[in-house]
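Q: The following block contains the structure, expressed as structure tokens.
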Amino acid sequence: RFFIIKESFLLYYAESEKKNFESNKYFNIHPKGVIPLGGCIVEPKEEPNMPYAIKISHEDFHGNIVLAAESEFEQAQWLEMLQESGKVTWKNAQLGEAMIESLEAQGLQLAKEKQEYLDKLMEETEELCLQREQKEELERLNQVLEAEKHRFEEVVRELRLEQEQIRRELELTARSLKGVEEEKKELRSLTQSLQKTLEELSLEKQQMLEMLEENESQLPSPTSPTKEQSPIWGLHCSLRQIEEKMQQLLKEKLLAEKRMKENEERSQALEEEREFYSSQSQALQNSLLELTAEKQQAERDLKAEVKVRMDLERRLREAEEALQSLEQGLSSLDCNKEKEKKMKADVSSLR
């Protein structure tokens, strides 16, 4: 047997318990037996084959208890310790036994609570790992949103440049269209003037023809003046000049009408080009507005993600501090009500 004196009790175990006691430095609260030493008589005794024997007797014991040490020095030490422990009264021994039972119950309760705290600690540790993963995911989303924001800004800049280019081309087209309209007005005015001149020449030609007929009818005799001196010849020359002038004016009129038709076609093409650029500008404006709205939404999402991440980081720090305090409390050997209350508060905060 392996013996331990604890207060006024002699506890004994199997011999293998000695190694556990020497390595762990605390005694097992479940011995094989307990001998109360209060009021006992402890004295040396000589026994055959046991030169260093010790006898423990008490009036309430059925027989005596005989122990043996391995040397005289150990016998003296044990005698002194057993006699000192035996000075405790039997009543105190009963109180000690009740104390041992109470301590044992408290130890079991503390072990149970410690296991509960450890289980909660494991749950909260898993929750912390999950929060860390959420934090990493938020950081990844933050990077994605930043990249998306930069891409939006680049697209907006490109669309603004394209819109500016279309605006310049639209202004150029408008100026060209204005010039064509002015040239069209000039050609219309020229055509009207030519038409008026043609009408006047036509009227003059008609008058000439009438005069020519009248002069031919009033011709007096065959002996007339020379051809160059005849008034009829003069009328014929004037008539030929009028016809030549009319031909020239008709050519100019046809040329003006041709230019006017070309201007009409050019004006129509410029008008279509202006409509095309206007539609392109409107489409770009709509795209720009949509991208601006998406950019603002992305910025709002980014701010919300940053706010959530900061809140998670704050909760993570608080949880880590509570976990550290809880671990310190669990690793501490002494546990009082104040520490237990603080540990429960930490667990409630973690939850």
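Just so it is clear, glycine is given a Cβ too, placed from its N, Cα and C backbone atoms.
These figures come from a predicted structure and were not determined experimentally.
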Q: Of the ranges 202-226, 327-351, which one does TrEMBL list as region 'Disordered'?
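A: So the range that TrEMBL calls region 'Disordered' is 327-351.
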Q: Could you give the mean pLDDT over the domain 'PH' (1-87), rounded to a whole number?
A: 87
